[in-house]
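What TrEMBL says about this protein:
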- 18-35: transmembrane segment (TRANSMEM)
- 55-77: transmembrane segment (TRANSMEM)
- 98-123: transmembrane segment (TRANSMEM)
- 143-164: transmembrane segment (TRANSMEM)
- 176-196: transmembrane segment (TRANSMEM)
- 232-251: transmembrane segment (TRANSMEM)
Amino acid sequence: MSTLIRQECFKLYKKKSTFIIPIIIMLLMIVQAIISKNYDDVFSPKSSIESAFSGFTWFIFLLIIQASTTISMEFYHGTIKNLLYRKYTRTSIIISKIITLVLFSLLYFIISIIVGVIIWAIFFNDINLLETNGKSLSILSKMLLTGLGTYVGTWLVLSVTLLISCAMKSPGVSIAVGIVFYFATSILSGILTIVVDKWEWLKWNPISMMNIMVQITDKGMRKVTKLELHELFIGNIVYIIIFLILLVFVFKKKNV
């Protein structure tokens, strides 16, 4: 298993997008900081800092691209046959891909936080990151919580993206489907909050679990989602596990 994980890490390391896209994302974070510094009516400085200057959101797209291609590329180029000929089991192959994606996604979110703090130090050092106001959390705490909530919600998207891409042979189609799916779930999660008011049992649907990204720092969202924060965490983890188990099953049945 460790050999497969090292191989998967090496594959990502050799991809230009693994380095080019994060650089672009960091530049976009700096651009938002500059706009926020000069036009605070467009981007609130505090909100920008809490979101790591949208770094968390931008990295979701990179992870969707990587999740969409990690399986489909193997079948598209026929490299999956090389792994199977070396007597690796399909289960170990797909689990190694999942573990690698977990490691890289953690790395990207940590980078977002570090770069976000550096940008704050350069542009907004007059804002106290650690200051609390009554029951309100500090800006740094909100940034870390936003990162945690977004990470969990992102993995719900990635688990489904991996499952969908497993059925695809074209990497390009897999990427398109993954991104469309993310936007669709983001839109539907807002619409479903209206439906949940009428049929409260629908609050447990997987799309509503995406609201963890917002509710983790906004307690007022509880009135909309009808779920406690710990229930959203548990719901996300359960759905992620279900989709990943389905992924392993589908991958084992997929024709080479």
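Glycine is treated like the rest: Cβ placed from N, Cα and C.
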Long-range Cβ neighbours of the transmembrane segment (18-35) (under 8 Å; 6 or more residues past either end): 12, 42-43, 48, 52-55, 58-59, 62, 65-66, 104, 108, 111-112, 115-116, 119, 122-124
Cβ-Cβ under 8 Å with the transmembrane segment (98-123): same-chain residues at least 6 beyond its ends: 5, 8-9, 12, 18, 22, 26, 29-30, 33-34, 36-37, 49, 52-53, 55-56, 59, 62-63, 66-67, 70, 129, 140, 143-144, 147, 150-151, 154-155, 158, 162, 244, 247
